[in-house]
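Annotation comment: Swiss-Prot describes Asp46, His253, His255, Asn289 as Mg(2+) binding site, evidence class sequence analysis. The domain 'Pyruvate carboxyltransferase' annotation in Swiss-Prot covers 37-314. According to Swiss-Prot, the region 'Regulatory domain' annotation covers 456-573, on the basis of sequence analysis.
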Amino acid sequence: MANRQQPTSMPIHKYRPYEQVDIADRTWPDNRVTVAPRWLSTDLRDGNQALIDPMSPARKREMFDLLVKMGYKEIEVGFPASGQTDFDFVRSIIEDETAIPDDVTISVLTQAREDLIERTVESLVGAKRATVHLYNATAPVFRRVVFRGSKDQIKQIAVDGTRLVVEYAEKLLDERTTFGYQYSPEIFTDTELDFALEVCEAVMDVWQPGPDREIILNLPATVERSTPSTHADRFEWMSRNLSRREYVCLSVHPHNDRGTAVAAAELALMAGADRIEGCLFGQGERTGNVDLVTLGMNLFSQGVDPQIDFSNIDEVRRTAEYCNQMEVHARHPYVGDLVYTSFSGSHQDAIKKGFDAMEADAAAKGVTVDDIEWAVPYLPIDPKDVGRSYEAVIRVNSQSGKGGIAYVLKNDHKLDLPRRMQIEFSKIIQTKTDAEGGEVTPKDIWAVFQDEYLPNPRNPWGRIQVKTGQTTTDKDGVDTLTVEASVDGVDTVLTGSGNGPISAFFDALQSVGIDVRLLDYTEHTMSEGASAQAASYIECAIDGQVLWGIGIDANTTRASLKAVVSAVNRAAR
């Protein structure tokens with residue numbers, strides 16, 4: 001088919017394609033991520049600096065406590081040399097002996113100036129586990145425009161900064177602190193690979209990584225500039241060419257300028273990265289840092305333990321929204337208000353059938369649904385695993401069909417409607433949504449269902465109200481039913497005979513001019529135990545109409561008679 005799109009007048013001449021990596025024998029596409037990486041949350045640093053209203057100390061502490069509770073073991077807590085607020089916060093969590101668990105490492109950021117480095121290391125005095133994170137920009141545009149320096153001069157900034165970190169750590173910190181070092185060639189995505197490698201090697205020459213002396217080399221996509229696959233190529237190239245690789249923790253720090261930060265991080269792991277830096281829900285400068293929640297839940301959905309607890313994802317969201325003063329989008333993966341919700345009729349039908357199949361499979365194996373592999377269409381994970389209920393899984397509007405409506409009735413009211421009754425009732429709901437528009441809530445669905453099918457003692461409707469009924473069976477097996485009822489407002493006694501109570505009731509109705517023919521009948525219990533109620537569903541042909549009725553009662557015979565009354569009264573409505 002021909003492409004009928006037309007060229008635009010947009011100034012594409014201002015931009016050039018991103019340079020590809022010459023790595024013909026790349027191996028990362030064949031790799032799989034089978035264990036969680038090391039995670040670092042930079043919500044309190046990179047995330048906080050991007051807020052319109054940066055966090056107060058109280059909000060910072062609440063965010064820190066949340067990250068610890070979730071299981072993050074590396075947390076970047078600020079830029080203490082940038083101002084007194086960040087410095088005081090770092091000191092406050094160090095001096096509070098209950099704040100930082102023994103297995104949590106705090107990290108602080110600094111530029112490569114001596115006064116800033118000294119102040120940064122000073123903020124860490126008394127910390128149990130701490131890392132200084134030093135960075136300087138290495139990309140050509142920064143060398144030319146910002147620093148106006150040569151490659152050697154830029155490299156020397158990194159070398160001198162690393163040397164100063166070592167000197168001040170030895171001078172200011174004591175044996176109480178397990179000290180680590182991280183270096184980032186900022187704007188790695190726009191830095192020549194051979195130069196990025198050269199700078200990292202020079203930094204390692206100063207730090208001297210070895211057994212029990214790891215170095216973290218963080219390669220940030222400070223601005224996302226390429227496809228995730230090209231980003232992965234760059235990581236594989238660096239991982240292959242770094243010396244002392246066994247003592248290097250190779251870290252990825254994607255931003256989301258092209259909207260592919262999650263994919264970039266995942267492919268970087270396949271290409272050799274050991275660690276990911278990001279923020280909850282993708283907070284951060286411009287389009288944000290990579291989203292740690294999506295990354296962790298992506299692993300979870302593939303059967304890989306993220307080693308971070310997302311079991312109460314709404315609590316995580318509420319805390320993040322409070323601390324950041326920014327809302328999480330309703331469509332945000334795994335956590336948004338609508339991500340486990342289907343409005344489409346075909347989706348809802350598939351979801352309902354998926355739940356039914358899961359229950360049947362579990363019952364056949366003698367286990368619970370939680371013990372078998374999750375397999376429900378349109379739901380990549382079980383919402384219960386992150387603390388969500390099934391209440392919002394199916395919501396009804398004008399695009400919805402029978403499956404969604406039936407799901408609501410079964411899930412909320414234990415009524416498992418027969419398929420043709422589902423179709424009948426969905427048309428009733430469709431009429432309502434077409435007339436009124438918008439969403440129909442589960443409460444609305446139940447109200448319409450009650451009004452359509454079930455008797456209302458406070459506002460009776462229909463020709464017949466049954467008061468009592470009694471069945472006897474003669475020696476030939478013929479049932480005789482005697483019913484005390486109100487017909488068209490007049491109390492009367494109806495009697496009929498037949499093969500079973502329903503047939504006998506049909507015969508009794510003939511005496512008041514109501515001709516009923518049975519088309520289908522089904523019933524089920526609504527719960528377990530001696531006091532369980534039964535739901536009976538009956539499809540009848542009544543005076544040329546085909547209608548369903550429902551009856552609910554602890555006695556199955558009474559339930560079936562109520563179902564007949566429901567259908568008959570609907571026919572006369």
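In case you wondered, yes, glycine gets a Cβ from its N, Cα and C as well.
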- Near the Cβ of His253 (Mg(2+) binding site), how many other Cβ atoms are there if near means within 10 Å? 27
- Pick out which of the binding-site residues Asp46, His255, Asn289 has the most other Cβ atoms within 10 Å of its own Cβ. Asn289
- Note on the structure: Using DSSP three-state counts, the residues of the region 'Regulatory domain' (456-573) come to 26 helix, 56 strand, 36 coil
- Based on DSSP, name the secondary structure state of Asp46 (Mg(2+) binding site): helix, strand or coil. helix
- Task: Calculate the per-residue pLDDT averaged over the domain 'Pyruvate carboxyltransferase' (37-314) and state the result as an integer.
- Result: 98
- Message: Around the Mg(2+) site formed by Asp46, His253, His255, Asn289, list the extra residues of the same chain whose Cβ is within 8 Å of the site's Cβ centroid.
- Response: Thr42, Pro220, Ala221, Thr222, Pro254, Ala261, Glu277, Gly278, Cys279, Gly284, Glu285, Gly288, Val290
